[in-house]
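Student: Before we start, here is the structure in question, set down as structure tokens.
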Amino acid sequence: QPLNYKSRWRSIRVMYFTMFLSSVGFTIVITSLWPYLQLIDVSADASFLGWVVAAYSLGQMIASPLFGLWSNHRPRKEPLVCSIIINLSANIYYAYAYLPTKDKKFHILMSRAFVGFGAGNVAVVRSYVAGATSLKERTSAMANMSACQALGFILGPALQAFLSFIGEKGITVKVIDLQLNMYTAPALLAAAFGVVNILLVGLVLREHRVDDQGRQIRSINEISEDRVDISIVPEESIDQVAVLTSNILFFVVMFIFAVFETISTPLSMDMFAWTRKEAVLYNGIIICCIGFESILVFLVVKVASQRVGDRPVLLAGLAIIFCGFFILLPWGNHYPKIQWADLKNNSLLSRASEATGVSNSSFEPTGCPYEQTWCQYTPTIHLAQYLSSDILIGVGYPACNVMSYTLYSKILGPKPQGVYMGWLTASGSGARTLGPVFVSQVYTILGPRWAFSLICSMVVGAIILLSCLYHRLIAFSVRHGSIIE
């Protein structure tokens with residue numbers, strides 16, 4: 001069997017890489033999305049940005065069950081290669097979104113939706129890894145997969161920050177009508193990664209299924225009738241209340257992180273009067289640091305959950321997230337710099353450029369745009385507040401993420417988890433769809449005080465829910481008395 005074992009783990013590592021790439025595809029353009037939108041389409045506002053960020057997750061939410069269903073009935077290679085090709089084409093589409101003469105912002109919206117649709121293969125990846133590992137191997141394989149996902153979330157913005165040195169002008173490749181600049185280069189890099197991924201899936205991936213003890217199974221249909229299989233567990237015995245609670249908690253955690261990711265660029269441009277290029281570079285560096293921090297947190301969480309159990313870690317994570325958003329509430333009597341120069345009002349702009357002696361093209365108004373009325377009466381958020389909140393969220397989010405995941409798979413027990421994992425993926429994508437839309441509307445119209453107060457109350461709600469149903473969130477085998485916790 002050693003040959004089988006090697007091939008099986010090689011395939012699982014290809015799945016890790018696929019997971020890593022799907023999260024890189026999400027984050028590699030996340031910090032430059034807003035400036036790119038503003039650059040190619042003046043009519044795009046912060047609330048449209050919310051829709052663009054959400055389009056990715058909406059695509060993923062629709063695609064996950066479809067690819068999952070496909071992978072149940074056909075070799076996994078098919079949905080995987082198909083999804084990566086969609087992902088790759090969508091990234092190229094994104095890089096060319098400046099070509100059409102009108103409605104450029106809708107082309108960006110469409111391309112992000114298709115990138116998300118391609119990332120629907122996450123469900124296939126999760127069910128493959130769950131099916132190809134024994135019970136003993138599964139926890140660490142799932143944790144490694146979360147770590148690869150986190151690594152993707154870090155390297156994405158890091159690559160973006162690195163590519164921002166190309167600048168807004170960049171290079172024009174005449175032959176293929178391509179403008180290679182700090183906004184299009186990341187998407188093309190993601191497409192190049194996609195090519196590597198297709199090769200790996202095509203050449204390395206083999207179908208593997210093992211039972212809970214780690215013995216090789218040919219395929220689902222070949223289990224002989226007479227052997228009683230432990231994976232046949234009656235449906236009622238899974239605690240549906242615990243399943244629902246875990247889904248809700250996962251939703252809240254993903255919602256909060258999506259809000260945080262969407263808001264960081266507009267917030268920093270409004271509060272600290274950063275230019276587009278500064279915002280991309282600095283936020284890229286910040287998200288990168290959070291990512292490294294989250295890998296440390298993953299390691300600590302593995303140890304801590306063995307010491308004190310999964311639920312206390314989840315509770316602590318939620319409490320830390322609450323502190324992070326509480327710090328972001330604006331206090332004091334300093335007000336943000338207001339951006340009066342309106343791009344559409346040319347007399348203002350020309351007067352400003354005469355005064356500064358700058359040509360029209362390089363003049364970029366900074367500060368809080370005056371059409372957001374809250375800018376005039378909301379105190380500014382200081383850089384120290386912003387950074388300390390980043391640090392706290394960077395501790396709380398990974399802890400909650402990996403714990404809600406692990407708890408969920410323990411609650412489900414030995415039954416094949418494909419369908420249930422699909423629900424979890426869908427609730428996560430649902431949160432990442434609603435989060436950006438919610439925050440960009442509330443933030444644009446009512447300002448940060450409202451936005452962050454609502455988030456704080458959501459976290460408090462999650463903490464209360466977890467405390468009330470604390471006793472239900474236990475592993476399947478513990479509940480059925482075969483193992484004592």
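Cβ atoms are placed via backbone N, Cα and C, with glycine included.
Pulled these from TrEMBL:
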| type | residues | note |
| --- | --- | --- |
| DOMAIN | 11-479 | domain 'Major facilitator superfamily (MFS) profile' |
| TRANSMEM | 14-36 | transmembrane segment |
| TRANSMEM | 48-68 | transmembrane segment |
| TRANSMEM | 80-97 | transmembrane segment |
| TRANSMEM | 109-129 | transmembrane segment |
| TRANSMEM | 141-163 | transmembrane segment |
| TRANSMEM | 183-205 | transmembrane segment |
| TRANSMEM | 241-260 | transmembrane segment |
| TRANSMEM | 280-301 | transmembrane segment |
| TRANSMEM | 313-332 | transmembrane segment |
| TRANSMEM | 450-470 | transmembrane segment |
Student: Short question: which residues 6 or more past the ends of the transmembrane segment (241-260) have a Cβ under 8 Å from it?
Tutor: 53, 57, 314, 318, 321, 325, 393, 397, 400-401, 404-405, 407-408, 411-412, 420, 423-424, 427-428, 430-432, 434-436, 438-439, 451, 455, 458-459, 461-462, 465-466, 469, 472-474
Student: Hey, does the transmembrane segment (48-68) touch the transmembrane segment (280-301), meaning at least 3 C-beta pairs closer than 8 angstroms, sequence gap 6 or more?
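Tutor: The transmembrane segment (48-68) and the transmembrane segment (280-301): touching, no.
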Student: Could you name the stretch, out of 14-36, 109-129, 141-163, 183-205, with the greatest number of CB pairs under 8 A to the transmembrane segment (48-68)?
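Tutor: Ranked by Cβ pairs under 8 Å, first place goes to 109-129.
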Student: Grab the same-chain neighbours of the transmembrane segment (109-129) for me: Cβ-Cβ under 8 Å, and only residues 6 or more beyond its ends, written as numbers and ranges.
Tutor: 11-12, 15, 18-19, 22, 25-26, 33, 48, 51-53, 55-68, 70-71, 76, 79-80, 83-91, 93-94, 97, 138, 141-142, 145, 190, 417-418, 421-422, 425, 429
Student: Counting only residues 6 or more past its boundaries, what in the same chain has a CB within less than 8 Å of a CB in the transmembrane segment (141-163)?
Tutor: 12, 15-17, 19-32, 125-126, 129-130, 133, 182, 185-186, 189, 280-281, 283-285, 287-288, 290-292, 294-295, 298, 302, 398, 401-402, 405-406, 409
Student: Note the mean pLDDT of the domain 'Major facilitator superfamily (MFS) profile' (11-479), expressed as a whole number.
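Tutor: Mean per-residue confidence for the domain 'Major facilitator superfamily (MFS) profile' (11-479): 79 out of 100.
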